[in-house]
């Protein structure tokens, strides 16, 4: 793959944009006004996951995750797991594309077929894949600034419209902590996906700064995700916000400043486009990179193949939105994310430490 040395600043921007790709999603489950508390705890959990990934990387600083699996577990088991992770990245990336197409269908492109949106979007992702990680990350440096400006415009619009009501968040202390802790595990969605960067750390210059920049990216993205969740609850109220799949869009549609500024949905849509693009791009790129390293194929053939697979899964992967969200919040967190994001990396880390201790 076209992977030049990646400056640490560009890696930081990619990690931050990857996590901000989840800004439009409802993470609250059915805990209403306490969703922001659950998200804070989920951010702390995300930092713990990143520490796990970084410790694993430190045992093999010259290898990608695919190569680590093969080196630690042997050729056959390592190859099988590498292909399993490639499939995992493709599937999760396709689900993000599905979310994106649903948003556009509901709010802008009412009559446009979902398959057309998916294909057009993935053509753009494929083009970025051909241009390479270095070029795309430089574009990310620019688009992150656009993202931040638009988010603060949204924030200003909320308060100028007098939409935010603190009473919707009160009492601030939850009466029952059990639902909050129960909701933490599904919050691995934005942070557990950071396992993809185990494929990219090897291309980074200033490797001694990876840990600090990774933790900061989680802290900053956590701030924006929590703040956005608080705004949504303050505007819509907990009971309404918890029932919406994409509450940010509904909140932005209510903004009205005097008579000349109304419905800031375009700002929310652009925020989602920027975040989702980089989220899908990272899943797409790391899936391609893993397959290229396993089979020694050329990326010119792999990139369009991955895009076609993602497009098909995004359109046909779930019969309807109810099924799509049921899989995303009831099945994936417990039966897919936990093994792929926690159990397997933890086992590989333990084996790596045992090998290292025996070699001393």
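From the backbone N, Cα and C atoms, a Cβ is placed for every residue, glycine too.
Curation does not apply to TrEMBL; its annotations are automatic.
Owing to the predicted nature of the structure, the values given are computational and were not obtained by experimental measurement.
What TrEMBL records for 12-29 (among others) is transmembrane segment.
Among the features that TrEMBL reports, transmembrane segment is placed at 35-56 (among others).
Marked as transmembrane segment by TrEMBL: 76-94 (among others).
The annotation transmembrane segment is assigned in TrEMBL to 114-130 (among others).
Same-chain residues lying 6+ beyond the ends of the transmembrane segment (142-164) with a Cβ under 8 Å from its Cβ atoms: 13, 16-17, 20, 224, 227-228, 231, 234-235, 251-252, 254-257, 261, 264, 267-268, 270-271, 274-275, 278. What TrEMBL lists as transmembrane segment is 142-164 (among others).
Among the features that TrEMBL reports, transmembrane segment is placed at 184-203 (among others).
As annotated by TrEMBL, transmembrane segment applies to 215-241 (among others).
Look at TrEMBL and you will find 267-288 (among others) tagged as transmembrane segment.
If you look up TrEMBL, you'll see 300-318 (among others) marked as transmembrane segment. Note on the transmembrane segment (300-318): residues 90-91, 93-95, 97-98, 101, 114-115, 118-119, 122-123, 125-126, 129-130, 280, 284, 287-288, 291-292, 324, 327 of its chain, located 6 or more positions outside it, place their CB under 8 angstroms from a CB of the stretch.
Residues annotated as transmembrane segment in TrEMBL: 338-355 (among others).
Ranked by number of Cβ pairs under 8 Å to the transmembrane segment (35-56), the listed stretches 12-29, 114-130, 215-241, 338-355 are led by 215-241. Residues 65-66, 69-70, 193, 196, 279-280, 283-284, 286-287, 290-291, 293-294, 306, 309-314, 317, 336, 340, 344 of the same chain lie 6 or more positions beyond the ends of the transmembrane segment (76-94) yet place their CB under 8 Å from a CB of it.
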